[in-house]
Amino acid sequence: MSLDHQERTKSEAVLAHPLLYEATTSDVLVDFNGQDDPYRSINWPFRKKAITTILYGLTTCWITFASAIYSAGMLPIAHEFGVSKEVSTLGISLLVFGLGLGPLLWAPLSEIYGRKTVTILPYFIAGIFSFGTATAKDIQTLMITRFFSGFFGSSSVAITGGAMADIWRPEHRGVAIVVYSVTLVGGPCLGPIIGGAFVSNSSLGWRWTEYLTGILMVVQSVLDFLILDESYAPALLVRKARRLRLEGKNWALHAKHEEWDVSISEMSQKYLIRPFQILNTPIGLFMSIYGSFVYGCFPIEFQEKRGWGHVTGGLPFVALLVGIFAAALANVYNNRYYFRKLRENDGKPVPEARLPPMMVGGVAFTGDLFIFACQSLTPRYDLLCHTD
């Protein structure tokens with residue numbers, strides 16, 4: 001008998017058990033105590049849901065804020081490290097690249113370990129990397145730390161949507177997403193204004209834009225750790241089953257989620273391949289193109305062509321912020337229309353009922369770009385800028 005055969009036989013003997021192939025009975029599966037179980041996150045009190053939404057929104061706000069506040073310091077960074085402005089611009093590109101790459105890891109991890117831990121821990125690490133950017137002694141260190149700030153900070157971007165679906169029912173989810181979207185887009189609007197104020201102050205400079213970002217992210221991580229509760233239902237049931245096993249000494253009790261044998265191929269199909277499949281659909285492709293076009297049209301010309309200072313050059317972002325609030329109010333009002341369509345459809349989601357505000361905004365946006373382009377060629381009215 002060969003040595004390999006002996007080892008295999010010994011291993012099979014060790015793993016053998018009389019009940020090995022006995023199916024699990026339903027009476028040892030831990031579940032919620034009905035649809036109205038207060039332990040279910042969707043049954044949380046409104047106050048708790050609102051606080052959770054705001055905290056997740058602020059968590060995402062500071063990482064998008066980090067992507068924009070850097071822009072105010074690009075010229076000082078280029079001068080300090082002796083590189084071109086184009087090279088210093090990589091600090092934004094690499095962070096945004098990290099923001100796009102990170103969700104491929106954090107999204108699947110959140111479905112295994114829950115929302116809270118997978119959001120807070122990477123986000124805290126992102127804040128530490130922001131301090132690394134602030135203390136960078138060379139351009140290489142700055143670029144590396146910016147990338148990892150985006151990569152780890154993207155945990156909030158990847159997970160917040162799922163957290164909102166955990167706690168809000170379809171008829172209320174639209175308003176919650178609007179609140180979250182305001183904080184998400186508000187970060188890039190506030191970043192250049194605050195960054196310009198820091199850069200124009202000789203006692204602060206560009207490094208303090210990164211110190212501020214790190215402070216905000218670390219403080220937000222601590223607040224999230226202290227206040228946020230886990231909202232992912234399967235993770236809640238795993239915790240409940242563990243507590244019941246310890247209290248009752250019945251070690252057969254377990255949650256359905258614990259039976260899941262995580263497969264790399266399954267996760268790859270869901271999080272690596274499916275996004276590209278969605279991109280192949282007309283609605284996915286055109287929405288992505290539309291979104292990239294919107295974010296590529298920020299009024300960056302005010303300092304270069306009109307000679308505005310660091311602070312005043314960032315003020316046009318206030319107009320963008322006003323437009324965001326106006327759009328948010330329109331979407332909140334449209335939620336009444338969506339709720340009516342939802343009831344008419346027997347409670348089943350009606351995605352197209354959310355389109356009217358975007359249809360109006362899309363037409364207004366193109367007109368706004370046309371007027372703005374004309375003003376860029378012959379700048380007469382400085383107050384005219386994006387408000388859509």
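Cβ from N, Cα, C; glycine included.
Taken from TrEMBL, the feature domain 'Major facilitator superfamily (MFS) profile' covers 45-388. Summarising the annotation, TrEMBL assigns transmembrane segment to 54-75, 87-106, 118-136, 142-165, 177-199, 211-238, 276-295, 315-333.
Between the transmembrane segment (118-136) and the stretches 54-75, 177-199, 211-238, it is 211-238 that has the most C-beta pairs under 8 angstroms. When Cβ distances are compared across the two stretches, the transmembrane segment (142-165) makes contact with the transmembrane segment (54-75), since 3 or more pairs at least 6 residues apart fall below 8 angstroms.
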